[in-house]
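S.K.: There's a structure below that I have some questions on.
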Amino acid sequence: MSAINEHGVNKRWYDGMLSTEDWWAVWLGLIVFLAGMLSIWGLDLVGWMAKPKTWEWSAFWADPSWGKLLSVSHGKAGKAYEAISPFASLFITWLVFTGLTCIGAYFQRLDVKKFFFGFTCIFLITWTTWIAGHEAHFKALKTSQSITQPELYGDNVYCTTKVNKCSVQINKALEDIGVDVNAGRIPTEPQAAEAINRAKNAKVMSWGLQLGGGFSYMLALVVGLIIGNFLKRFADFLAEAAKPEWFIKTAIVYLGIKLGLMTMKATGFAVELALAGAAATFVAYLLFWPIIYTLGRKVFKLRRDASAVLSSGISICGVSASIATAGAIRAKPILPVAVSMLIVVFAMIELVGLPGFYATVAPDQPIVNGAAMGMTVKTDGADAAAGAILDEMMVANHYRNTGIQWEPDWILSAAILTKIWIDVFVGVWAFVLALIWVYKVEQKPGQSRVGLSEIWFRFPKFVIGYFVAWFFYIAIAAWFPDAIKEATDGANVVQSPMRKMMFMLTFVAIGAITDFSKLKGMGKLAALYAIGLFAIIAPIAYGVAYIFHHGMVPPIVGSS
């Protein structure tokens, strides 16, 4: 399979496998995926990964140590990592990911020296904000006992680990002092206080925001935006390594592992989510593009190529679609650049505003909100980042309001699955537009024909890694059920702390490259983008998401 590009150079199907960001998201994702997979045979090659712990300010300063802030991720197969200190674990994490990304930077023809120093700074900023965001007053949720029986346990008891674990710890402590709550016995207030004191992860605090892990994401974004808009020399220094699309695409490959594990536990729900997401995306496609294109041509009087490039950018998947469309129709080079600037800036506005808006307006429609996010936010990085914030926010809010805890990451998966279906069709849409422009719009004699291979060259390659990881764990569940436990051991390290670290890197990087001053002078394009996004795309996206996902909620923790 080959094609001729715009410079007359013959392209082979494997071109770019070692030199493009898209493919390096696949390689970086699958390298770590394969390392985690080895836990099936009792070999832990990922257990060195550091992860932040929920910590409390006064307790840390009373006895400061890295062990209060960080832990090592090793599973049952990685007992050898128990001897590693938390700081050494963080150093190894930096060493491994800096090494892997520098190799990728070399093959992508980036300046490796600049990338090394820039990535190291982004890594340090990422971990500083990640750890800060895990301070208990920001992150910790109340225990279920504090929500359901505040008159007995008090309404100020917070959990520094998963809420269901805290409940077990408190109930076990009550059993140890002679009160078996599982048998229906009710403790006295002194007994409840004693149980809370004995529970390892229960903490009495005077206040708590209960933001979950979402606060770390928001903090990383704020720090990144400060760098990008007020510390521009530092932003320029970071620019070679600030690659949010690369980081998030790698994280999405890791998310394929997470979705595979979730599918093992809730197969029917995962399949329904995927099919509904595909249908919703297809319907949205049929509506978004022609409406925006017509608005650009008839109301804003834009040229055909400008309307087409902006319509693809705002209707499909942002930067990739605008660039693919510009290439397919041979638009002026400035058009995809201008549209890309708009996409990145408006994506930041969506990232900051949409999660809180959706969570407030429709707190009982988590999957609808996630899918609508996937159709509305126009970059992979901002969509996944907004989905992560929405997931953390809605899970925490629902638990705080009802005492029922949804399993995390299903809302995020809805946002990303919908976005991935959109990404998958970028190549097809670029091919269709190329045909229309060559044979209908321009109609130039002797114009070279558009080959089917263009679909492959426009296809977002990171999606391959996502589906490989997802279907691998589905295959294990289907054909090797006895290996599920061992497979989960290594997979949990990749899909949790590693994936979340890539999300955090994305937040810092996407903030650092966002300069709001670039909106100046864009006139009609900026006005059309704003009107199209908030008055057309967002409402239609939510309506379509509601039709296909209405009533879907994540499984409840402990129900599977």
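Every residue gets a Cβ built from N, Cα and C, even glycine.
Positions annotated as transmembrane segment by TrEMBL: 23-43, 87-109, 115-133, 207-231, 273-296, 308-327, 334-358, 420-441, 462-481, 501-519, 526-548.
Map the listed features onto the structure and describe their local environment.
M.R.: Below 8 angstroms of C-beta separation, residues 16-17, 75, 77, 100-101, 104, 107-108, 246, 249-250, 252-254, 256-257, 461-462, 464-466, 468-469, 472, 476, 483, 486-487, 489-491, 493-494, 498 of the same chain, each at least six residues beyond the ends of the transmembrane segment (23-43), sit close to that stretch.
Away from its own ends, the transmembrane segment (87-109) comes close to residues 18-21, 24, 27-28, 31-32, 48-50, 66, 70-73, 81, 115-116, 119-120, 123, 127, 240-241, 246, 501 of its chain (Cβ-Cβ under 8 Å, at least six residues beyond either end).
Here the transmembrane segment (273-296) has long-range neighbours at 302, 306-308, 310-312, 314-316, 367, 371, 374-375, 410, 413-414, 417-418, 421-422, 425, 429, 528, 531-532, 536-537, 540-541, 544-545, 547-549, 552, meaning same-chain residues at least 6 beyond its ends whose C-beta is under 8 angstroms from one of its own.
Panel annotation: around the transmembrane segment (462-481), residues 22, 25-26, 29-30, 33, 37, 40, 249-250, 252-257, 259-261, 263-264, 267, 420, 423-424, 487, 491 of the same chain, lying at least six beyond its termini, place a Cβ under 8 Å from a Cβ of the stretch.
Residues 276-277, 279-280, 283-284, 287-288, 291-292, 295-296, 300, 302, 310, 313-315, 339, 342-343, 346, 350, 365, 368-369, 371-372, 375-376, 378, 418, 519 of the same chain lie 6 or more positions beyond the ends of the transmembrane segment (526-548) yet place their CB under 8 Å from a CB of it.
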S.K.: Using a cut-off of under 8 Å between C-beta atoms, tell me which stretch among 207-231, 334-358, 501-519 contacts the transmembrane segment (115-133) the most.
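M.R.: The stretch with the most close Cβ contacts to the transmembrane segment (115-133) is 207-231.
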